[in-house]
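Following: one structure in structure tokens, then a few remarks.
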Amino acid sequence: MNLRELVSALNDFASPALAESWDNVGLLVEPSPPHTVNTLFLTNDLTEEVMEEAVQKKADLVLSYHPPIFTPLKRVTWKTWKERLVVRALENRIGIYSPHTAYDAVPHGVNNWLAKGLGPCTSAPLHPSTAPSSPAEGTHRVEFCADADHLDAVLSKIKDIPEIFCLTTLPARVEGEEQTRVSLNCSQKALLEVVALLSQNSLLYHKTEILLLQKPLLPHTGVGRLCTLSEPVSLSDIIERVKGHLRLPHVRVAVGAGRTLESPVKKAALCAGSGSSVLKGTEADLYLTGEMSHHDVLDAVANGISVILCEHSNTERGFLSELRDALTVHLQNKINIIVSEKDRDPLQVA
């Protein structure tokens, strides 16, 4: 596949618009066009060892779940390992694409895969995503009625306000008088100016309605998951299920206050990677994530919530095999897709 065609297909699989605003997703390194992709190489972290593996396996595009370029690079030299990744990629005509938090949000993404480790359950996003785009522009809709004496002057001033969208007028009859109903969409900033303008005329202001425009929520899409198990399971059994799912010999466990390893778990909140900010404040029997700050663990335990920590990338990497199969179908078997054998979490139990 042509690189740009493939990137378009990857974006269709999980829209970059679903990624968090702080993230750096999409095509990060692009060899000079035209560039054909015969082999797509999947990894969780693009380290130098993994890049060498990609070169040896003649990859044309690396899909790295974590973006290897996150903070801006001021130069591309041989000095730092991230700069060397870019050099090696371009020397070998290898593109780099990262989906990161877009894959966290989608229903067929990382968090839903992680939830399978709990056993039979239903799940819903902890923080649902809104539709990236919506037919309605702006954040608010303002509607008011004006008579012929005031209409032209008001409309003239409104049109001078930046960030006014979809301004329409319709004939209206108010209290037996012929008037004009004005409707407009505007930004939060413009709303203040519109209200200030209308408040100068008490008749206009008292006939004003302001509606908040909200983008629709996307079903089953968003950050984190709150999972309700089909049947309560003891914490010790959940620990074994998670270890089996992630293929780990050990995990770190903090038992909630007033709980034991035999206490039942019915609701579990989870977030792949680093879950402190996503899970905090969620009512559940268990938090499952890769890593949390020491004090956030203490807070959870004090609230009677047990915590299972598996190290950051261990809660993500196993998804790559499922991703390979899903992308094979999505891309209609047009390219060879392989998963890195060198990719691993940097931490181990010694």
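Glycine too: its Cβ is placed from the backbone N, Cα and C atoms.
Residues or ranges marked as divalent metal cation binding site by TrEMBL: HIS66, ASP104, HIS312, GLU316. Within the same chain, residues at least 6 positions away in sequence whose Cβ sits under 8 Å from that of HIS66 (divalent metal cation binding site) are ASN44, ASP45, LEU46, SER98, HIS100, SER313.
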Nonlocal residues around HIS312 (divalent metal cation binding site), in sequence order (Cβ under 8 Å, 6 or more apart):
GLY273, SER274, GLY290, GLU291, ASP345
Across all chains shown, how many C-beta atoms besides its own are within 10 angstroms of the C-beta of ASP104 (divalent metal cation binding site)?
29
Please work out the number of neighbouring Cβ atoms within 10 Å of the Cβ of GLU316 (divalent metal cation binding site), leaving out its own Cβ.
25
